[in-house]
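**Q** Copying in the features that TrEMBL gives for the protein in this structure:
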- 270-279: compositional bias 'Acidic residues' (COMPBIAS)
- 315-325: compositional bias 'Basic and acidic residues' (COMPBIAS)
- 206-245: domain 'STI1' (DOMAIN)
- 601-640: domain 'STI1' (DOMAIN)
- 265-325: region 'Disordered' (REGION)
- 68-101: repeat 'TPR' (REPEAT)
- 102-135: repeat 'TPR' (REPEAT)
- 136-169: repeat 'TPR' (REPEAT)
- 324-357: repeat 'TPR' (REPEAT)
- 463-496: repeat 'TPR' (REPEAT)
- 531-564: repeat 'TPR' (REPEAT)
Amino acid sequence: QNRRRTFENASLSSTLLLVLQHRQNFPVFFSSYNYPSSFIIFPNPKYNSAKPFSLIFSINRICSFSMADEAKAKGNAAFYSGDYTTAIKHFSDAIALAPTNHVLFSNRSAAYASLQKYDDALNDAKKTVELKPDWSKGYSRLGAAHLGLTQYKDAIVAYKKGLDFDPNNEALKSGLADAESAAAASSSRSRAAPQSPNPFADSFAGPEMWAKLTADPSTRPYLLQPDFVKMMQEIQKNPNNLNLYLKDQRVMQALGALLNVKFRAPNGGEDMDIPETDGESPPPPPPEKKPTSANAPVEERSREPEPMDVSEEEREAKEKKAQALKEKELGNAAYKKKDFETAIAHYTKAIELYDEDISFITNRAAVYLEMGKYEECIKDCDKAVERGRELRSDYKMVARALTRKGSALVKMAKTSKDYEPAIETFQKALTEHRNPDTLKKLNEAEKAKKDLEQQEYFDPKLADESREKGNEYFKEQKYPDAIKHYTEAIKRNPKDHRAFSNRAACYTKLGAMPEGLKDAEKCIELDPAFAKGYTRKGAIQFFMKEYEKALETYQEGLKHDPQNQELLDGIRRCVDQMNKASRGDISPEELKERQAKAMHDPEVQNILSDPVMRQVLQDIQENPNAAQEHMKNPMVMNKIQKLVNAGIIQVR
């Protein structure tokens, strides 16, 4: 009794059409496979009975790109929160949806590198470069992965190639410097290595050594002792130096931590002079009391542990650092109390005592910024950046100094050009560390620069002159030249609605309807009572064959000027066109075009996806009596009229 025909296009960009047609008063129904669907009613030219409708269900394929963007956003959020494993998962999901997006592979490479999975990071970096060979960041990812794998020559090649595409990229420059210094250090170590390698050499190689010493509670306090750090650095440069320091129990303890072996010192660790750390840690366990024999020598039982030999210079450096930290804390306390002069005095004293911590300099710069001494702030920030690069300080500290310099430059800016060095400084800070606060300051500086440029360029008199020149060119039908002068008038006076209206007319003449529509809407926004703005907008919508929207625009204009003949003529033209569509007096090609445009209208989509309206349309097709009852409902009637005006429904 039912006949079903299914047409499907295999192309991913096409839609699946399910066509249902009437045959001998037996309607055909077809489910939409639980996909989100909407349907359109087309006239059936081959159908001549009293049943005038055919239903065509249109099932749109779900676009994967929006889902990929959502997964990418989740990955970015996880990355910035430090959850690199979750970030990798989201980036992988996004790649599965958009496998040709080079940015996704770049982001996942960064996440792998953060987890020190440099092999995976290298694979993704290579894919990034393959998909986008002219993108400089891809080579930055490639160089970082090679550097993590200690492939210094390959890292240098990658960074240099990236600089060929973007010579001013700070991240590539910094990475190249790191790779070259690492290669030089590796070369010097290989030259200094003896013929028979030290069996413990691998334990002291790379940054993993410092990570293990920091993680082990028994060796962590030693890292605050300059003499111990110096010894470990010497051993790291040349592992054979280990023999020179084996008598030091701290070195033995560190070696045990690196090898996961517990060494027991001859004195049970009682002769170790360990300074207190900043964090709270449990006190060391008391030494075991071993029973002593009655005839043991008294001097053996009461012997005090011998103090460690520390040079005078090292002891003095240690004391100065401790004093500098105290001065910093005093400066912080004074800053919180708004006692800026006292804070500067303490930070200056800390800098004089210990110049290997740039936080003292950046803190003083922050005080100068609060005091309005912007020149002094900028000098301190430049000094902090220079010293930070010498000391290989944390990128976050360098970025902080650059951000404060940018803030000072913004405070000093008086013209739009004054914002340019501030914007450049913020951009440099973001290459060091992508901080949300810095990004916000950059956006604010760019907006302030743009606003100030408009204020500096504002001149109503020159704007009127440019608009008059545009009018002359318009009369001569030289529309591109007219647009040029109207644009200049808008720059000189962005509040002049007439320039927007005139430029909209030029765009209409050139067939640039979207640009003309945008200008017409701006004209109405600036002066809602200006009738010409509505005629411009309505004419453009009419030419775009959006007759219902054009009708609404003309009607809105009549509220402000009821006797305007252009608006009245526009309404008449729109009504004529809509009546033609409802009577079927238009060509099949034009009908198809109108229906395609209507399907992009959100209001039409909502009507067609409404279950109630779907039932109403089905009743219209099957039961005319029920259809008459539905038409008594004003809301239903308005929606039906909307579909008729859009060409979706045609009644003969």
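Yeah, the Cβs are placed from backbone N, Cα and C, and that goes for glycine too.
Are these features on the surface or tucked inside, and what touches them?
**A** According to DSSP, the secondary structure content of the compositional bias 'Basic and acidic residues' (315-325) in residues is 11 helix, 0 strand, 0 coil.
Mean pLDDT of the predicted structure over the domain 'STI1' (206-245): 79.
Counting residues 6+ beyond its ends, the repeat 'TPR' (68-101) has Cβ neighbours under 8 Å at 107-108, 110-112, 114-115, 131, 434, 436 in the same chain.
Look at the repeat 'TPR' (102-135): DSSP puts its residues at 27 helix, 0 strand, 7 coil.
Counting only same-chain residues 6+ beyond the ends of the repeat 'TPR' (136-169), those with a CB under 8 A from a CB of the stretch are 102, 106, 109-110, 112-113, 116, 118-119, 121-122, 124-126, 128-129, 175-176, 178-180, 182-183, 186, 206, 431.
If you look at the repeat 'TPR' (463-496), the same-chain residues 6 or more away from its ends with a CB under 8 A from one of its CBs are 454, 457, 502-503, 505-507, 509-510, 526.
Broken down with DSSP, the repeat 'TPR' (531-564) shows 25 helix, 0 strand, 9 coil.
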**Q** What parts of the chain pack near the compositional bias 'Basic and acidic residues' (315-325), using Cβ distances under 8 Å and only residues at least 6 beyond its ends?
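**A** 225-226, 349-351, 353-354, 357, 360.
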**Q** Residue counts in helix (H, G, I), strand (E, B) and coil for the domain 'STI1' (601-640), per DSSP?
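**A** Summed over the domain 'STI1' (601-640), the classes give 35 helix, 0 strand, 5 coil.
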**Q** In the repeat 'TPR' (463-496), how many residues does DSSP put in helix, strand and coil?
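**A** So the repeat 'TPR' (463-496) is made up of 27 helix, 0 strand, 7 coil.
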**Q** By DSSP assignment, list the helix, strand and coil residue numbers for the domain 'STI1' (206-245), in that order.
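**A** Secondary-structure breakdown of the domain 'STI1' (206-245): 32 helix, 0 strand, 8 coil.
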